[in-house]
Amino acid sequence: MRSKPNILVTGTPGTGKTTTSAALAEATNLRHINIGDLVRDKKLHDGWDDQLECYIVNEDLVCDELEEIMEDGGNIVDHHGCDFFPERWFDRVVVLQTENSILYDRLTKRGYSGAKLTNNIECEIFQVLLEEAKDSYKEEIVVAMKSDSVDDMNRNVATITEWVRTWSSTN
């Protein structure tokens, strides 16, 4: 039994996963694991996708890399996908959602264009990541949270921090 929970923060690129996860890690003293950085730094990929301008994540290598760390607990995993992580790893799955026009502005500021921009906006419109989370984990641990503004982020961090505090005292 873990002494601290594991949390997955997921959502379409641009919804604030990394910013929220970093603030949450600071507030809870849990470890923030950014999967994009991990994949790049440890070369846990199968090359580069020129069309989508990103690494092709080797999901098996990522899971092998994280297995022991996740068993210990106390982790906030930050990634836009969630269906390849083992269900047993997470005590809470947070799906950040952003209104489409706000998301569009955030992604264009990052330099997203063409297929990459279109795919991500459509992903948010059709709530692909929320459905993926609900299909991959027990519905009672999946929580969708609005992430349009700094106020939303602060509220989300406070809500999840309170959940962590409560989890610690009841498990």
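Keep in mind that glycine also has a Cβ here, set from the backbone N, Cα and C atoms.
A TrEMBL annotation is a machine prediction, not a hand-curated record.
These features come from TrEMBL:
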type: BINDING; residues: GLY14, GLY16, LYS17, THR18, THR19, ARG110; note: ATP binding site
type: REGION; residues: 34-57; note: region 'NMPbind'
type: REGION; residues: 109-119; note: region 'LID'
Cβ contacts under 8 Å made by the region 'LID' (109-119) with residues that lie 6+ beyond its boundaries: 13-14, 51-54
Limited to the region 'LID' (109-119), I'd like the whole-number average of pLDDT. 94
How many helix, strand and coil residues does the region 'NMPbind' (34-57) contain under DSSP? 8 helix, 10 strand, 6 coil
Excluding GLY14, GLY16, LYS17, THR18, THR19, ARG110, please set out which residues of the same chain place their CB within 8 Å of the center of the CB atoms of the ATP site, keeping sequence order. PRO13, THR15, THR20, ARG106
On the DSSP side of things, how many residues of the region 'LID' (109-119) fall into helix, strand and coil, could you say? 7 helix, 0 strand, 4 coil
At 10 angstroms around each C-beta, which of the binding-site residues LYS17, ARG110 has the fewest other C-beta atoms nearby? ARG110
